[in-house]
Each structure stands twice: as C-alpha cells, then as structure tokens.
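Undergrad: Relevant sequence annotations retrieved from Swiss-Prot are reproduced here:
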type	residues	note
DISULFID	Cys46-Cys61	disulfide bond
DISULFID	Cys53-Cys65	disulfide bond
DISULFID	Cys60-Cys71	disulfide bond
MOD_RES	Pro49	4-hydroxyproline
SIGNAL	1-22	signal peptide
Amino acid sequence: MKLTCVVIVVVLFLTACQLITADDSRRTQKHRALRSTTKLSLSTRCRIPNQKCFQHLDDCCSRKCNRFNKCV
C-alpha cells in the first residue's frame, strides 16, 4: 500500500514538472519553416557536386548521380 502511494506521488510530480517546463518552451523555436529541411540535411551526410556517388544509394545532396558516378 505504501509503495503504491509513493508511485502515485512520483508520477504526479513528474507530470507536474513536464507541464511546467512545457509552458516555458512555447514559441521559442525560431525559423520554423527551415526546421524540416535543415534537420534532414544536417542529420544525414550527402555528397557535393563532382564527388563520387553511387546511383542506387541516392547519396548526393541533389539526389542526382550521373552516368560517370559523379554528383550533379
């Protein structure tokens, strides 16, 4: 019984902490439109033009690999 009460109190405390910090973080994200595109390009490495590429991997930043296996 004691353990159940402690678990309930801890869960309520952690929930309250999350709600308090969620209020502080509202409207702090800048450049919202850029987030999805820059996040993808920063999280994956891509090859710049004239670097060696592989057509079946799509590893060029432009997603275009020519027949000489160079990024366009």
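Counting starts with 1 at the first residue shown.
Glycine is treated like the rest: Cβ placed from N, Cα and C.
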Undergrad: Quick test of the contact rule: Cβ under 8 Å, at least six residues beyond the ends. What residues does that give for the signal peptide (1-22)?
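TA: None.
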Undergrad: Among Cys46, Cys60, the disulfide-bonded residues in question, whose Cβ has the most other Cβ atoms within 10 Å in this structure?
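TA: Of the disulfide-bonded residues Cys46, Cys60, the most buried by Cβ count within 10 Å is Cys60.
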Undergrad: Please compare the disulfide-bonded residues Cys61, Cys65, Cys71 by how many other CB atoms fall within 10 Å of each one's CB, and tell me which has the fewest.
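TA: Comparing Cβ neighbour counts within 10 Å for the disulfide-bonded residues Cys61, Cys65, Cys71 gives Cys61.
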Undergrad: Quick one: give me the count of other CB atoms within 10 A of the CB of Pro49 (4-hydroxyproline).
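TA: If we count other Cβ atoms within 10 Å of Pro49 (4-hydroxyproline), we arrive at 12.
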Undergrad: Say you check the Cα of Pro49 (4-hydroxyproline) against those of the disulfide-bonded residues Cys60, Cys61, Cys65, Cys71; which is nearest?
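TA: So, of the listed disulfide-bonded residues, the one sitting closest to Pro49 (4-hydroxyproline) is Cys71.
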Undergrad: Please report the Cα separation of Cys46 (disulfide bond) and Cys65 (disulfide bond) in Å, rounded to an integer.
TA: 12
